[in-house]
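K.L.:
Sending over a structure as structure tokens; questions will come in a sec.
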Amino acid sequence: MNEKQKQESGQVNPADKTSEKDYSKYFEAVYIPPSLKDAKKRGKESVQYHNDFKISEEFKGLGEGRKFYIRTYGCQMNEHDTEVMAGIFMALGYEATNSVDDANVILLNTCAIRENAENKVFGELGHLKALKKNNPDLILGVCGCMSQEESVVNRILKKHPFVDMIFGTHNIHRLPELLSEAYLSKEMVIEVWSKEGDVIENLPKVRNGKIKGWVNIMYGCDKFCTYCIVPYTRGKERSRRPEEIIQEVRRLASEGYKEITLLGQNVNAYGKDFEDMTYGLGDLMDELRKIDIPRIRFTTSHPRDFDDHLIEVLAKGGNLLDHIHLPVQSGSSAMLKMMARKYDRERYLELVGKIKAAMPNASLTTDIIVGFPNETDEQFEETLSLYREVEFDSAYTFIYSPREGTPAAKMKDNVPMRVKKERLQRLNDLVKEISAKKMKEYEGRTVEVLVEGESKNNPDILAGYTEKSKLVNFKGPKDAIGKIVRVKIEQAKTWSLDGVMAGEAIEVK
């Protein structure tokens, strides 16, 4: 839904008049509910690009004397969205706070990828109910991917009526209007665009620190894997223009950032929606590598769209890091077909072979789902054998979690939970075994570490990450924070490395 369509739509009441209860009569304010059916549609409307975002004069000062708090769940994209919302809050005059007790506005920026993530949010709403009761003027909002689901909005309406506002992933730029409406309205304000919005540039951001920065390069996903809710909650693929991305990265470099991560639900599809030119992720990376910033990463990749040109560009090295997160999900071609991943085991292994041939020292990590409907013991063994063959540095592993509205949710979940847990344990044992083996290879070596701060467990120890995203803990001066230093590894653990600074030099680049 672009701005014009939004204006034409007006206020929309729930379409389902046969629902258990018709809440539309209670709403005098904005009420645009989500629709997964509408979210499935991929229209041919051209994406509009807006470079003229600004806070309307009527909303300036809205936050004067008020504080905001945002709790973020889920992926890096949500963290990026939180940075944008924080920027809008600050532009409105709000002050950030780290305590819900001090906040005048609390937002939960939610994740819908798995049931466990949603349960955490509903649990948090339960905790915040008492806070809202003691402070009726508190504005409590739910945003992010969960808000795009009809079942979630209906549950909030029925079980958490003290929530003041709900909005989704496509209309973050309308936060000033929604806040104003929430202050004025006696009823819950709901505005969720089921269809994706335009690409809005020049949104304010409050970044977390000055060392590493997120740079969004595209929005949405068109892959429709049968288990995944993201194409519905994030909309169709829309790429930012390359000149906007390059300008943002240059600005971060000039501000002293040492590392940027390019973000997208499927970064490898970048540029496929451009109608006026042929330009992909490889072309963008080839431009960005010329910028004077030490490290550039990207996430998340889809094997189907990982092309040869990108591999050629990454092989040039320099500030383009050879750590690649390449989700496989399963090692069984039959399972991959049921998941609608659009590649098979052989195609994935062929891609891995190309990457390793071009970048022999590349570090590969992955995502794997166990217990997908109809997964047999033999098919699970194929996943284990693929993991051994590739020798991933690490993996995010999950038990299959049905998501309402996805094709897989209609499949019979016929793998017993006991079997799912056994498979997850066996997979995790293998992940730990290979990770420990690969980490052991670092002992005695000197690596470059981007120092992010003090260790969470010991303030006398500094912590940072290597180019291959290995966590390193070491003793060093506090002025090393924010710099890239050389560290000699003395001891390898399963998930981290311990070392000492090599020599007196602090910054190596």
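Heads up, the Cβ atoms here are built off N, Cα and C, so glycines get one too.
Straight out of Swiss-Prot:
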- CYS75, CYS111, CYS145: [4Fe-4S] cluster 1 binding site (BINDING)
- CYS221, CYS225, CYS228: [4Fe-4S] cluster 2 binding site (BINDING)
- 66-184: domain 'MTTase N-terminal' (DOMAIN)
- 207-437: domain 'Radical SAM core' (DOMAIN)
- 440-503: domain 'TRAM' (DOMAIN)
- 1-20: region 'Disordered' (REGION)
K.L.:
By a simple count of other Cβ atoms within 10 Å, which of CYS75, CYS111, CYS145, the binding-site residues in the record, is least packed?
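P.N.:
Across CYS75, CYS111, CYS145, these binding-site residues, the one with fewest Cβ atoms within 10 Å is CYS75.
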K.L.:
Name the secondary structure element type, per DSSP in three states, that contains CYS111 ([4Fe-4S] cluster 1 binding site).
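P.N.:
DSSP assigns CYS111 ([4Fe-4S] cluster 1 binding site) to coil.
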K.L.:
Do you know offhand how many angstrom separate CYS221 ([4Fe-4S] cluster 2 binding site) and CYS145 ([4Fe-4S] cluster 1 binding site) by C-alpha?
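P.N.:
A Cα-Cα distance of 13 Å.
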K.L.:
Measure the Cβ-based neighbour count of CYS221 ([4Fe-4S] cluster 2 binding site), defined as the other Cβ atoms within 10 Å of its Cβ.
P.N.:
22
K.L.:
Which are the residues of the chain, CYS221, CYS225, CYS228 excluded, whose CB is within 8 A of where the CB atoms of the [4Fe-4S] cluster 2 site average out, their centroid?
P.N.:
LYS223, PHE224, TYR227, ILE229, VAL230, PRO231, GLN265, ASN266
K.L.:
Reported as an integer number of Å, what is the Cα distance between CYS75 ([4Fe-4S] cluster 1 binding site) and CYS228 ([4Fe-4S] cluster 2 binding site)?
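P.N.:
It is 14 Å, counting Cα to Cα.
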K.L.:
Can you tell me how many other Cβ atoms are located within 10 Å of the Cβ belonging to CYS228 ([4Fe-4S] cluster 2 binding site)?
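P.N.:
A count of 21.
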K.L.:
What does DSSP assign CYS75 ([4Fe-4S] cluster 1 binding site), in three states?
P.N.:
coil
